[in-house]
Structure formats: C-alpha cells, structure tokens
C-alpha cells in the first residue's frame, strides 16, 4: 500500500 505518507496518500485517496 501507498498510504503511509501524505503525498502518496493524497494521490491514492480513493484507493487507500
């Protein structure tokens, strides 16, 4: 998963 840090979480917000 790519939900550990803000930049990546924001990009995958609908997928995290």
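For all residues, glycine too, the Cβ spot is worked out from N, Cα and C.
Pulled from Swiss-Prot, these are the features on record:
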DISULFID  2-8  disulfide bond
DISULFID  3-16  disulfide bond
MOD_RES   16  cysteine amide
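Recorded features from Swiss-Prot, shown on the structure.
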residue	record	Cβ within 10 Å
2	disulfide bond	11
3	disulfide bond	13
8	disulfide bond	13
In the three-state scheme derived from DSSP, which category covers residue 8 (disulfide bond)? helix
